[in-house]
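Features of the protein shown, as given by Swiss-Prot:
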{"type": "BINDING", "residues": "ASN123, THR173, LYS177, ARG295, HIS327, SER379", "note": "substrate binding site"}
{"type": "ACT_SITE", "residues": "LYS175", "note": "active site, proton acceptor"}
{"type": "BINDING", "residues": "LYS201, ASP203, GLU204", "note": "Mg(2+) binding site"}
{"type": "MOD_RES", "residues": "LYS201", "note": "N6-carboxylysine"}
{"type": "MOD_RES", "residues": "SER208", "note": "phosphoserine"}
{"type": "ACT_SITE", "residues": "HIS294", "note": "active site, proton acceptor"}
{"type": "MOD_RES", "residues": "THR330", "note": "phosphothreonine"}
{"type": "SITE", "residues": "LYS334", "note": "site 'Transition state stabilizer'"}
Amino acid sequence: MSPQTETKASVGFKAGVKEYKLNYYTPEYETKDTDILAAFRVTPQPGVPPEEAGAAVAAESSTGTWTTVWTDGLTSLDRYKGRCYHIEPVPGEETQFIAYVAYPLDLFEEGSVTNMFTSIVGNVFGFKALAALRLEDLRIPPAYTKTFQGPPHGIQVERDKLNKYGRPLLGCTIKPKLGLSAKNYGRAVYECLRGGLDFTKDDENVNSQPFMRWRDRFLFCAEAIYKSQAETGEIKGHYLNATAGTCEEMMKRAIFARELGVPIVMHDYLTGGFTANTSLAHYCRDNGLLLHIHRAMHAVIDRQKNHGMHFRVLAKALRLSGGDHVHAGTVVGKLEGDRESTLGFVDLLRDDYVEKDRSRGIFFTQDWVSLPGVLPVASGGIHVWHMPALTEIFGDDSVLQFGGGTLGHPWGNAPGAVANRVALEACVQARNEGRDLAVEGNEIIREACKWSPELAAACEVWKEITFNFPTIDKLDGQD
């Protein structure tokens with residue numbers, strides 16, 4: 001031991017266990033523009049004060065450990081430690097608190113969502129002093145945002161590539177999701193694209209199974225794309241799922257898609273992982289491919305209100321990691337999604353600058369400093385009667401994706417696509433004429449049925465279908 005170390009240790013080191021709040025709860029701290037800010041929903045164990053719980057989160061997700069260690073004296077903890085700088089009670093919840101934590105930027109590797117999450121949502125979520133812990137929101141500072149490429153292309157570049165403006169894009173997930181041969185799969189793709197859809201999609205668990213290997217699927221889907229483009233005069237695409245068991249295999253599939261000349265590939269970003277996703281996003285930008293992102297596994301992480309991570313955080317992470325589309329719920333369909341909360345993270349996906357708005361679950365003002373935006377995808381249990389609400393809720397910069405709502409049409413796949421396209425065009429025209437889609441939506445659809453027997457048949461099939469279940473993850477203060 002050197003004399004310098006020995007002297008410092010003799011006056012500054014005291015072995016033992018300290019309360020976290022002595023070092024990591026700093027209500028006087030003024031946050032910096034370069035700090036990453038986090039809002040955690042903390043549920044302390046009985047007998048643990050909220051200040052101690054918040055400080056424990058700050059410590060265990062940054063520089064702290066359970067006891068004082070000698071090597072604390074070899075660095076500047078004041079420079080590197082996370083700080084719990086504010087705690088507030090959650091309305092209507094006696095045992096829950098929002099703990100705000102500031103992290104110095106130097107704690108994180110540049111351009112790495114993987115490293116950021118390993119710290120902020122790592123081992124701390126298993127900490128015994130906490131009964132539950134949920135990350136509600138993150139503020140990503142411009143200094144860190146600028147280290148990421150972000151989406152391969154973004155909303156405006158995608159519209160320019162497709163030459164489609166002034167309306168939402170239309171998609172369809174091919175069903176049944178598993179079991180079709182590659183040729184029959186390609187036939188369904190062709191029929192949907194010919195009928196008027198912009199995109200069709202591999203389901204998230206379509207990779208390369210014995211009944212349909214990936215290369216065969218890619219070839220038949222490419223044939224469907226080119227044939228439908230020739231017949232309609234519109235640019236078409238199919239989300240070819242490149243997700244695979246290894247990053248090398250994923251890239252092989254993306255390269256083959258590029259060689260086929262198709263416009264877009266797909267990745268399951270949570271099951272595939274952020275490192276793989278960021279690599280694929282970089283490849284897509286370099287090679288002119290759009291990237292569709294599916295969020296399979298998200299509800300394991302985000303559905304419970306008191307533990308895990310809200311989807312708005314996963315949405316921000318995806319915008320950093322890279323993707324041109326991401327599934328975002330529907331509000332009106334079969335999947336979980338509170339309206340105000342959904343609109344909040346939809347804005348976080350699309351807009352350059354989003355103000356703090358607790359009524360929509362947004363805890364921090366977020367400045368994306370020109371990072372390209374991501375198109376939200378509404379998908380899951382939607383049909384033609386939902387079209388006015390979807391158009392009103394999501395606006396033009398979105399993808400409305402109907403699986404069963406296309407392929408379940410009584411006359412077949414192409415008429416199902418026609419019905420959706422007619423319904424969308426009717427809603428966009430009515431909106432542009434100043435009509436209120438929220439009030440007149442059903443009337444607008446009925447009027448369009450007079451000119452489209454395909455739409456009339458679809459309306460008859462799905463007139464009674466609803467998904468009336470309460471939302472589990474509501475915003476605080478809602479009954």
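A Cβ is built for glycine as well, from the same backbone N, Cα and C atoms used for every other residue.
Structure coloured by features recorded in Swiss-Prot.
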residue : record                       : Cβ contacts under 8 Å, 6 or more apart
ASN123  : substrate binding site       : GLU60
THR173  : substrate binding site       : THR200, LYS201, ASP202, ASP203, SER379, GLN401, GLY403
LYS175  : active site, proton acceptor : ASP203, GLY403, GLY404, LEU407
LYS177  : substrate binding site       : ASP203, ASN205, VAL206
GLU204  : Mg(2+) binding site          : ASN241, THR243, ASP268, THR271, HIS294, ALA296
SER208  : phosphoserine                : TRP214, ARG215, ALA244
ARG295  : substrate binding site       : ASP268, TYR269, LEU270, PHE311, LEU314, LEU318, VAL326, HIS327
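Taking the mean position of the Cβ atoms of LYS201, ASP203, GLU204 as the Mg(2+) site, the remaining same-chain residues with a Cβ inside 8 Å of that point are THR173, ILE174, LYS177, ASP202, ASN205, VAL206, TYR239, ASN241, MET266, HIS294. Look at HIS294 (active site, proton acceptor): DSSP puts it in a strand.
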